[in-house]
């Protein structure tokens, strides 16, 4: 195994692993769409949080060692296979479906295999460190306890039948399993983990944001029922959806992603860098992803309604549930951006804050109006907010982007010199 270096970037193996999450995000939205209820929405968020934690473990692994060297590709393929099987079991992760493998047990077993695989590799890398050997048992205990809780959550409620507290018991066990992993993992990581490559860590998370935004584009395509003609409402809704996704992409990737990475590079102290990596990326990027997935879920349902021949031209009223999904998802995304900027840059991005407040105020008002009109209101609010954020920056945007370009040009020049000498 080759250790990571400060200049390491994302490997092709890690990109291959991330492809599984395209399918994962689709399955998470499908899980919610099968039964529209607050409990099922909470299940969606629980699965997403557990998937995020397993992905974070692989990102940490790729930061510590080069994922495409030595035996790591074999480990990566095993992780990809286990993750894909886990994602396949997502629709039956809470309630087993007759006629096949036990869904909750498959999900729990795959999760355990993924996490123990990561811990085993990190244990091998740091095998010479006595402090790591003492903490290895504790690290292995976390996914073990979480897996046991998931197994109990998948089997016990079925024995209780239709009793009213069965669902609450299951959701409670899942929540405790998540708390065990997150709280225990963060506590242990604060004593040992070092972010070797700030660029790698930032790039990995930016790619996941891109994949989540891509899920919204996929939702635009999967929403309309196949075999039906393209109508005006479908075309308008699709264009508005693309506009919102593009604006959300701009809000993160135009300047903020560069600024966050530069702040991580600037944090020379290992403890300070760890806090940034944990708070800004591990914690605040999770609601960023969740908000995108919620928006994709609402977009998919809206497009399905718009394509139906029985639907009025502007669509039925959006309703309280779907206005929460659509407006709440976008608001959660923007609020996460505000949190990232506040923690990493010590800046308050007021245009985004005002946009989030406007979404919260307008959402109850647009709930009774047709879906297409609600989507227009959402697109206008988000676009105006991000445009104001972009141009009301007092030279900060130009400075950040210039630094990022200079870094890219310097790296390309070094690579060109090396290639001229050795290739």
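Glycine residues also receive a Cβ, built from the backbone N, Cα and C atoms like all the rest.
Annotations in TrEMBL come from automatic prediction, not curation.
Feature annotations, reproduced from TrEMBL:
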type	residues	note
TRANSMEM	15-34	transmembrane segment
TRANSMEM	40-59	transmembrane segment
TRANSMEM	71-94	transmembrane segment
TRANSMEM	106-125	transmembrane segment
TRANSMEM	137-156	transmembrane segment
TRANSMEM	168-189	transmembrane segment
TRANSMEM	201-222	transmembrane segment
TRANSMEM	234-260	transmembrane segment
TRANSMEM	280-299	transmembrane segment
TRANSMEM	319-343	transmembrane segment
TRANSMEM	350-367	transmembrane segment
TRANSMEM	373-391	transmembrane segment
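Sequence-remote contacts of a segment are chain residues at least 6 beyond its ends whose Cβ falls under 8 Å from one of its Cβ atoms, and for the transmembrane segment (201-222) they are 9-10, 14-15, 18, 21-22, 25-26, 29, 55, 59, 62-63, 195, 238, 241-242, 244-245, 248-249, 252-253, 257, 260-261, 264, 277, 281, 285, 288-289, 292-293, 295-297, 299-300, 303. Listed stretches 15-34, 106-125, 137-156, 168-189, 350-367 were compared with the transmembrane segment (280-299); the greatest number of C-beta pairs under 8 angstroms is found for 15-34. Counting same-chain residues at least six beyond the ends of the transmembrane segment (40-59), those with a Cβ under 8 angstroms from any Cβ of the stretch are 14, 17, 21, 24, 28-29, 31-32, 34, 79, 83, 86-87, 90, 93-94, 111, 114-115, 118-119, 171, 174-175, 177-178, 181-182, 185, 201, 204-205, 208, 282, 286, 289-290, 293, 297, 325. Same-chain residues lying 6+ beyond the ends of the transmembrane segment (234-260) with a Cβ under 8 Å from its Cβ atoms: 202, 206, 209-210, 213, 216-217, 219-220, 224, 280-281, 288, 292, 295, 299, 302-303, 306-307, 315, 330, 333-334, 337, 340-341, 344-345, 352, 371-372, 375-376, 378-379, 382-383, 386, 389-390, 393, 396-397, 400-401, 403-404. The transmembrane segment (71-94) shares more Cβ pairs under 8 Å with 106-125 than with any other stretch in the list 15-34, 106-125, 137-156, 168-189, 373-391.
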